[in-house]
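Notes for the one structure printed next.
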Amino acid sequence: MPRRTDISSVLVIGSGPIVIGQACEFDYSGTQACRVLKAEGLRVILVNSNPATIMTDPEMADATYVEPITPEFVEQVIEYERPDALLATLGGQTALNAAVALHRSGALERYGVELIGASIEAIERGENRDSFKRIVDEIGGQTARSAICHSMQECLEAVEKLGYPVVVRPSYTMGGAGSGMAFDEDDLHRIAGTGLALSPSTEVLLEESILGWKEYELEVMRDHADNVVIVCSIENVDPMGVHTGDSVTVAPAMTLTDREYQVMRDQAIAVIRAVGVDTGGCNIQFAVDPATGRMIIIEMNPRVSRSSALASKATGFPIAKIAAKVALGYTLDEIPNDITGETPASFEPTLDYVVVKVPRFAFEKFPAAETSLTTHMKSVGEAMAIGRNFTEALQKALRSAEKPEAPFEFAAEPGEMGELLRAIARPYDGRLRDTVDALRAGADVEQVSKATGIDPWFVDQLALLCEVADDVRAIDHVTPELLRHAKRHGFSDAQLAALRGTRADVIRGVREALGVRPVFKTVDTCAAEFAARTPYHYSSYDEETEVSARERPAVIILGSGPNRIGQGIEFDYSCVHAAMALGDAGYETVMVNCNPETVSTDYDTSDRLYFEPLTLEDVLEVVHAEQQAGPVAGVIVQLGGQTPLKLARELEQAGVPIVGTTPGAINLAEERGAFGRVLHAAGLPAPKHGTASSYTEAREIAADIGYPVLVRPSYVLGGRGMEIVYDDASLSEYISRATDASPEHPVLVDRFLDDAVEIDVDALYDGHELYLGGVMEHIEEAGVHSGDSACALPPTTLGPEELLRIRESTEAIARGVGVRGLLNVQYALAGDVLYVLEANPRASRTVPFVSKATAVPLAKAASRLMLGSTIAELRGEGMLPASGDAVDLPADAPVAVKEAVMPFNRFRMPDGRTVDTLLGPEMRSTGEVMGIDELFGTAFAKSQVAAFGALPVRGTVFVSLANRDKRHMIFPVKRLADLGFDILATAGTAEVLRRNGVTADVVRKRWVGSEPDGTPTIIGRILAGDVDLIINTPSGTTVSGNPRADGYEIRTAAIQANVPCVTTVQGLAAAVQGIEAQLAGSVGVRCLQSWARRSVIRAERQATP
Amino acid sequence: MTTRSPALLVLEDGRTFRGESYGARGETFGEAVFATGMTGYQETLTDPSYHKQVVVQTAPHIGNTGVNDDDPESGRIWVSGYVVRDPARRASSWRSRRGLEEELEAQGVVGICEVDTRALTRHLRERGAMRVGVSTTETDPQALLRRVLDSPPMHGADLAGDVSTSAAYVVPAQGQRRFRVAALDLGIKTMTPRRMAERGIEVHVLPASSTIDDVLAVEPDGLFYSNGPGDPETADGPVRVLQQALERRLPYFGICFGNQVFGRALGFGTYKLDYGHRGINQPVQDRVTGKVEVTAHNHGFAVDAPLDRPTGTPYGRAEVSHVCLNDDVVEGLTLTGDDGSLRGFSVQYHPEAAAGPHDAAYLFDRFVALLKQAQRGDRDGS
């Protein structure tokens, strides 16, 4: 049946900011959906608060609302746009929850909007534990024995029947938020208590422990004619007990016979039918008892999920794209399989390779957090690799994870067997490596399998790797046969070098001389049964390569690898834009990346896709293969963040042409001494600084420039390891704890500018002309990492004269460094001096935000500049405005506010409490949102709604401030009192307020325990929901994550009770403006396309002076 | 663990792959075909339809779940050779009884591993299925090629007799017996009579050489023809028996080879596909309902029948009921009487699955309905 003709406009809801459990996989799925809907000629209306997404590019939809995904805002969009239908199954749990809320409020009915994809009934049947359990019973499946509880009392009663340990899962939360395993009653109180609070329906499920069972997932697709296919099976290497997002997973399933697989398949199909997901994809999870084969259905997601993205990349079957088509009424047999071009989508992909996904964690950002992996997802990203066998795929995936400690280490001493066996009984980041060490230390497959619960087949594969390593180590002279054998099992040159006591480049030389090189196979959905038209490749040490020859010059774009804090979707955005722009400019675009969640690894994004690790070895092989295939114009390393950037110099040394800013110029900006000379030559001031390779040197530098100083290792992204220290003692402690300072790894010591305004600039430079893309003013003061700070564009407090100074300084830096392409500069304005903090000649995290806020595609323009176009030419083409830049923004330009989203609620300390939430120089946010409106206050209010939930407009504010901040907050707190808020303050703060005419109730400055007279403490009042806004600036001097720092309990309680908590004076001023905007009732919605029309007028205005 | 020796694979067009021995040592010949299922190697190996074929598994890891005693589709391994990339070093399954390599050795099946199976598959896709030799004893590709060229081709091969049961046997109905069916064993799989027995059918499995009298002797309510190896052009005996049964209005159901024989009985030709369908992910559409089934396939030949119109035959109106959506190959036939009532049907694919999805299991119910309708007809008529 062809597509429905009764729908002409569709509202798509995205997933909002990147958070743990909901990352850029939904940009991938949402982008696919938007493309499909537009191609079908429908009017596409999009709501997504995340500016770093491809889906919010203005050309992806007809009306793009970068607005908060709340029922109130989405309803405003519906009221204005009057869409025929709402597609909410491609934007994760956020979109699904918004759709359910709009249904419950009657908004969908009121405006006649039909929910397509999955009906409300199906969503509820699938997500409500009770009804889902009934459905599984009806279809003859089994679920874990369990009880639904709505109160702690019910939990305690239920556990008497189920026994400990018991799994706690809150309903309707994403990424398993709030779930955990309770081993005793204390655990139960803590986990179920939080779970009940987190669940929108105050509902948790307690169930029998199936810890240690084998875990599987099936991705299912159904059309309205009831054709159902299984797209992919996924097996978790980590058994039950670890969230699937935190598990090492494998596709296809490796340890099921056809009998068991088909029963699983039958049940999955029965479930999707019974739940009533009419059209689209869903994900069903199973557990299998390894001893008996008893199979249990764990849960289903009636929507596209993280696993769907993984399955799409693993099979070449684009689940979101097909889901969008079937939602429009097509049947699967009417949809062609893009990859073969000839066969239909109504089939089940079959793989002739193995796919392994490994999670990427960020525990180093939360040193106090407990590192055990549980049913509560903690990873911030993932890497996927494809190989012709499990060992090859696994080792490629581990080096794709881009952590030095991720790949197996076969050369070092493994440690003591008994100790290792005890350690690996608990799941944690790095367990797999210790599992290999246990084998190397003498444990056998059975012992290891018993200790970890990992299936013996997988353990045996690890044992195989150990045997290959032993062979490599033992042989006198490496033979081509042994080299090839090791390569077939995924050993990198670096691993082989370690085993042979030589360098990786020596192994590479030997390999090349012997002709031991990988071939590139194709992901084709059908195990070569039909010819593939889509060049989606992966490397393997096999016989025949499938890279075809080409005529047009290729540009190879290196992506950014797995998402992590500090390097996420923003960099993928720039890579995708380069692919689009260079494809349009006539190049053959070649993408190299290993992140399955991204748009860049969609085979539709570039002309060729190589799903490969971003290491020197793997990238050189791709470059080699492409040079064999035809002319290569160059490799782009500037757009994918630090990952490709750090390869630049070695690639150049290996003779690879790097386009854009040269590796030498990149080094000029990164290396402190050289950059200092650039600044000096341009007459630009920088904070006093020095480079130290020991504590003694660091202390001397600090004494010279004066405390406080900012210290950090060189060559990092995301402020990794960066701290502000106030004295010798903490400096010494920092050097010994956070770095191993040496001449090769120096520590940078900078004067810390207190009370400075921090400014972020993104610019383009072609060697002659500068295009200032955007100037962003940070809301938090200097000292908070730019990635964690909210910022406004255009800058709210800078005048034209300051902007011109910024422009001149940026141009001088661009010229001095030798930038061709993008440049990001961070400035601090203190006492009318514009200090240069740092310059990065690459795409920055803010490029997508600036592009959205100003309607100028900076990354596209940058990629063209790298290939030799000039800014003048791009102005002529219309890619850049005909004249002017961010300095010339008109008075009526909208204000865009970017706000960071923090993952604190995901991380707990060993005692179960959440980690501290204080912002510091080390970046810890996972994502961002944008609020855009006429005025700063409204835009800020929107950004807060999108990031955290609305600011309160009435109620009680609790104020507790550091002494140095008290002067600055009198006015904003007085304003809050005038607006009708009740003020609650600690004694010192209350006294200052009283003298300024603000009445405040005094709370004793005692955070724990109860008051002697029995009145609740401030913590108790926060947890009880008596407080609506918390203002707490730290009075301690340490921001290093020490949990005893003053105010920790308050901020933790704020997280637990989900109360907005402002931790800086500047943040408070912004919050007050936001609250005023909300009280004025003037917060409306407006699409980017409408805002952009102002920019067009601006360009014309400027063109005709 | 087994120590491996070098092994050689040579196709009849001279393309050579080197690998290592897997299973028994020695030399073997057959038609090289590739199978794309990611599960079910045990069922594949024991499927009689693979007789005289060297099977290339596209899934790289083979043997992970070992060998159990429940899953074989016949009493022995039938493939004449086995080509895999990464054989399992140890099995893991609560049902596993022994390792696959052990089983291959015990049954004397010569295999080769560590081969670029994808390159081999692409070659077969482009050039078509062809003869192949696998040897652990020969090191000279030219010498092996000469012997490959001397081996018999699949085209024109009459193999049903090789795989068929020598004596008739009965698979009793589970529960109450509702029908009795004569099933001609042209290479029948264990799961097929089991699927019928589950529905109350007592299945009398007869040798491939049975005559119409042998069939009628069991007083069947219906006739069934199984899957099996070889070229349907050679199956003159079974074709004749089927025509005689159709004349007697005996309800008919055929699977795979049974579809090809049905086609021939109705007057259609058969032809050899370039490289066949062997996998468990094939989309087949029911042309009446439009529904798509994901189905298990194992066939190198197909029926040549018109898709756009019904065909009159001496036994009624024949129509193509199912097609493969990948390539429009005929995947099913129906025969109806003047009143539109069903008289017989067949499918080219495997509703018994094993290995494969259960989407097409309803066809056994359709057979039961056909048997019931015929029984009622008989009662009404008598």
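Every residue, even glycine, has its Cβ placed from backbone N, Cα and C.
Here is what TrEMBL says about this protein:
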- A:R129, A:R169, A:G175, A:G176, A:E208, A:I210, A:E215, A:G241, A:V242, A:H243, A:Q285, A:E299: ATP 1 binding site (BINDING)
- A:Q285, A:E299: Mg(2+) 1 binding site (BINDING)
- A:Q285, A:E299: Mn(2+) 1 binding site (BINDING)
- A:E299, A:N301: Mn(2+) 2 binding site (BINDING)
- A:E299, A:N301: Mg(2+) 2 binding site (BINDING)
- A:R712, A:R751, A:L753, A:E758, A:G783, A:V784, A:H785, A:S786, A:Q826, A:E838: ATP 2 binding site (BINDING)
- A:Q826, A:E838: Mg(2+) 3 binding site (BINDING)
- A:Q826, A:E838: Mn(2+) 3 binding site (BINDING)
- A:E838, A:N840: Mn(2+) 4 binding site (BINDING)
- A:E838, A:N840: Mg(2+) 4 binding site (BINDING)
- A:133-328: domain 'ATP-grasp' (DOMAIN)
- A:676-867: domain 'ATP-grasp' (DOMAIN)
- A:949-1105: domain 'MGS-like' (DOMAIN)
- A:1-402: region 'Carboxyphosphate synthetic domain' (REGION)
- A:949-1105: region 'Allosteric domain' (REGION)
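Sequence features, as recorded in TrEMBL, placed on the structure.
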residue: A:R129; record: ATP 1 binding site; Cβ contacts under 8 Å, 6 or more apart: A:S146, A:I148, A:R169, A:S171, A:E203, A:L205
residue: A:E208; record: ATP 1 binding site; Cβ contacts under 8 Å, 6 or more apart: A:A144, A:R145, A:S146, A:L162, A:G163, A:V166, A:V167
residue: A:E215; record: ATP 1 binding site; Cβ contacts under 8 Å, 6 or more apart: A:E235, A:N236, A:D238, A:P239, A:M240, A:T244, A:S247, A:Q285, A:F286, A:A287, A:V288, A:I298
residue: A:V242; record: ATP 1 binding site; Cβ contacts under 8 Å, 6 or more apart: A:N236, A:L373, A:T374, A:T375, A:P427
residue: A:N301; record: Mn(2+) 2 binding site; Cβ contacts under 8 Å, 6 or more apart: A:G126, A:C282, A:N283
residue: A:L753; record: ATP 2 binding site; Cβ contacts under 8 Å, 6 or more apart: A:P687, A:A782, A:A828, A:A830, A:Y835
residue: A:Q826; record: ATP 2 binding site; Cβ contacts under 8 Å, 6 or more apart: A:E758, A:I759, A:D760, A:V761, A:S786, A:V836, A:L837, A:E838, A:A839
residue: A:N840; record: Mn(2+) 4 binding site; Cβ contacts under 8 Å, 6 or more apart: A:A669, A:E670, A:L823, A:N824, A:V825
Could you state, as a whole number of Å, the largest distance between Cα atoms of any two of A:R712, A:R751, A:L753, A:E758, A:G783, A:V784, A:H785, A:S786, A:Q826, A:E838, the listed ATP 2 binders? 18
If you count the other CB atoms within 10 A of the CB of A:G783 (ATP 2 binding site), including all protein chains displayed, you should get 22
Looking only at the region 'Carboxyphosphate synthetic domain' (A:1-402), report the model's average pLDDT. 93
Within a 10 Å radius of its Cβ, which of these binding-site residues (A:R712, A:H785) has the fewest neighbouring Cβ atoms? A:R712
Determine, to the nearest whole angstrom, how far the Cα atom of A:G783 (ATP 2 binding site) is from the Cα atom of A:E299 (Mg(2+) 1 binding site). 44
Note down the number of other Cβ atoms within 10 Å of the Cβ of A:E299 (Mg(2+) 1 binding site), including every protein chain shown. 18
The rounded CA-CA distance in Å from A:H785 (ATP 2 binding site) to A:E299 (Mg(2+) 1 binding site) is 39
Please report the number of other Cβ atoms within 10 Å of the Cβ of A:E838 (Mg(2+) 3 binding site). 16
Between A:E299 (Mg(2+) 1 binding site) and A:R712 (ATP 2 binding site), how many Å separate their Cα atoms? 44
Near A:Q285 (ATP 1 binding site), how many other Cβ atoms are within 10 Å of its Cβ? 20
